[in-house]
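Taking it in order: structure first as structure tokens, then the write-up.
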Amino acid sequence: MAKEQLQVLNALDVAKTQWYHFTAIIIAGMGFFTDAYDLFCISLVTKLLGRIYYHVDGAPKPGSLPPNIAAAVNGVAFCGTLAGQLFFGWLGDKMGRKRVYGLTLMLMVICSIGSGLSFGHNSQCVMTTLCFFRFWLGFGIGGDYPLSATIMSEYSNKKTRGAFIAAVFAMQGFGILGGGIFAIIVSSAFKSKFDAPSYAVDPVASTVPQADYVWRIILMVGALPAALTYYWRMKMPETARYTALVAKDTAQAASDMSKVIQMDIEGEGAKAAEPTTSDSVSSYGLFSKEFFSRHGTHLLGTTSTWFLLDIAFYSQNLFQKDIFSAIGWIPPAATMNALEEVFRIARAQTLIALCSTVPGYWFTVAFIDRIGRFAIQLMGFFFMTVFMFALAIPYHHWTLKDNRIGFVVLYSLTFFFANFGPNATTFVVPAEIFPARFRSTCHGISSASGKLGAMVGAFGFLYLAQNQDKNKTEAGYPPGIGVKNSLLLLGALNFLGILFTFLVPEAKGKSLEEMSGEIEDGTVGELGGQTSSSTTQSRV
């Protein structure tokens, strides 16, 4: 590798944590805030959509989305996300991170607004339009995964890189929380203005016409944080690692980084020389024999662990509604009007996010650069396995009324350790262990594998968890294996996650080039001391 390249990269690795690092976390993190808001807010309004568009006169219960429509409305964004992760991950390596970064955000803004404006004179038209915009919304969200992770990893110093990438991902927790809080505010405002009887009292009047505005407003507001962040994303320079290692313009990389991290970095010549450390390092292609020799097990590790994690993480809908009903957070649907139901669901999800989801993310941020990615991921999968089996084996015990609180505690701990564990580390690690010219693509492949797992967890297990007695299944669903057997299966999948974690290397305290093999035989260490003293000067 050319000496000028090493100087620029080492300057980034040894740079002190500065205000620009936190600015980058906010700019990238607001994308993830939007991602989480948009992906999870649909679950707040699906019951309302059922009441509005699928009401059946004389039915003892409020209208609900048919299974195929519910799967489409909830799942089409996951399909779009998977496609977007693969496409924008590849594009980020071909065109550069910055050039693609703003495109994903604009797609999210346009499609969030489009989702809320879903038009049509009947339920079929509205659902079709909604699914169309939700797919392309997911496509934009998908691009944010590899690009945000790659940009943050390439901006960071090696001492705090894990915490910075994890902090970007942790904004997802605030997005879930923000969606719940906003839904509470909107439903409360409409409820106070347009009061209505419960469904049991008057089925038709329980859903006021103005309720149709509520779900549209909730979906459309997801455009705001993305739109507010767009200008600042466009002001971010291309990452120095992409410019130096892929575009091979070291002078430009040095100039860009000097402006933003308050350090003077030398860059000799307009273009850097071709890497000289090892010809094979710069010549092999993605999915070549050399790539699989160097990084095949790493890619298997990142894709398999993310896939297994997301099956468990997105299966939470299996028993969430039962828990909420059991502890009185959500009473039977017939005892509420439409707006009251939105309020109750939003309040319940907000409490879960506040008590379990958000703390787990930030525990990862606090400890990832102290105990490492491997230890956190292994610990997370271990405790998820333990708690899933603890829920499953004595499942009848937990269904008894006096034991429901214990079930809630174990449920919350399961997802606390998902977030203080593999849900965060599976996002961080793929951005650290692959070469710069493949980094975004490999992260996109890993995250797409996760979204495939999310679809299995959210929809496959929705069918699997149905009662084995066909007379006790939910309307429209065939018999399944039951909740107990589903929990046992999830525990086994989490155990597999423990095993596949051993394929993933530890990146704590190492430079990206050390991890990817772009600098071999300790070259970075030899030049590190020279570079930090002779080519970088702090301005502060």
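Each residue, glycine too, has its Cβ placed from N, Cα and C.
According to TrEMBL, the feature compositional bias 'Low complexity' maps to 530-540.
Here TrEMBL flags 24-509 as domain 'Major facilitator superfamily (MFS) profile'.
Sequence annotations record features per position, and here TrEMBL assigns region 'Disordered' to 519-540.
Among the features that TrEMBL reports, transmembrane segment is placed at 20-49 (among others).
Taken from TrEMBL, the feature transmembrane segment applies to 69-88 (among others). Remote same-chain partners of the transmembrane segment (69-88), defined as residues 6 or more beyond its termini with a Cβ less than 8 Å from a stretch Cβ, comprise 38-39, 42-43, 46, 49, 54, 100, 103-104, 127, 130-131, 134-147, 440, 444-445, 447-448, 451-452, 454-455, 458-459, 462.
Annotation comment: TrEMBL describes 100-120 (among others) as transmembrane segment. Sequence-distant contacts of the transmembrane segment (100-120) (same chain, six or more residues past either end, CB-CB distance under 8 Å): 31, 34-35, 38, 84, 88, 91-92, 126-130, 132-134, 136-137, 139-144, 147, 151, 215-223, 226-227, 229-230, 233-234, 236.
Feature annotation from TrEMBL assigns transmembrane segment to 132-152 (among others).
Long-range Cβ contacts of the transmembrane segment (164-190) within its own chain (Cβ-Cβ under 8 Å, at least 6 residues beyond either end) map to 21, 24-25, 28-30, 32-37, 40-41, 44-45, 148-149, 152-153, 155-156, 208, 210-211, 213-214, 217-218, 221-222, 339-340, 342-343, 345-347, 349-350, 353-354, 357-358, 360-362, 364-365, 368, 419, 424-425, 427-428, 431-432. Per TrEMBL, transmembrane segment is recorded for 164-190 (among others).
Residues or ranges marked as transmembrane segment by TrEMBL: 213-232 (among others).
Here TrEMBL flags 351-368 (among others) as transmembrane segment. Outside the transmembrane segment (351-368), and at least 6 residues removed from its termini, the chain residues within Cβ reach (under 8 Å) are 162-163, 166-167, 169-170, 172-174, 176-177, 180, 320, 329, 376, 412-413, 415-421, 423-425, 428, 508.
Here TrEMBL flags 374-393 (among others) as transmembrane segment. Same-chain residues lying 6 or more positions outside the transmembrane segment (374-393) and placing a CB less than 8 Å from one of its CB atoms are 305, 309, 312, 364, 367-368, 407, 410-411, 413-414, 417-418, 420-426, 429, 484-485, 487-488, 490-491, 494-495, 497-498, 501, 504-506.
The transmembrane segment feature in TrEMBL is assigned to 405-424 (among others).
What TrEMBL lists as transmembrane segment is 444-465 (among others).
Marked as transmembrane segment by TrEMBL: 486-505 (among others). Residues 297-298, 300-302, 304-305, 308-309, 311-312, 315, 318, 373-374, 377-378, 381-382, 384-385, 388-389, 391-393, 395, 422, 429, 433, 461, 464-465, 480, 515 of the same chain lie 6+ residues outside the transmembrane segment (486-505) yet bring a C-beta within less than 8 angstroms of a C-beta in it.
Of the recorded ranges 20-49, 132-152, 213-232, the transmembrane segment (444-465) has the largest number of C-beta contacts under 8 angstroms with 132-152. If one looks beyond the transmembrane segment (213-232) by at least 6 residues along the same chain, the residues whose Cβ comes under 8 Å of a Cβ in the stretch are 23, 27, 30-31, 33-34, 37-38, 41-42, 44-45, 48-49, 52, 102, 105-106, 108-110, 112-113, 115-118, 179, 182-183, 186-187, 190, 339, 342.
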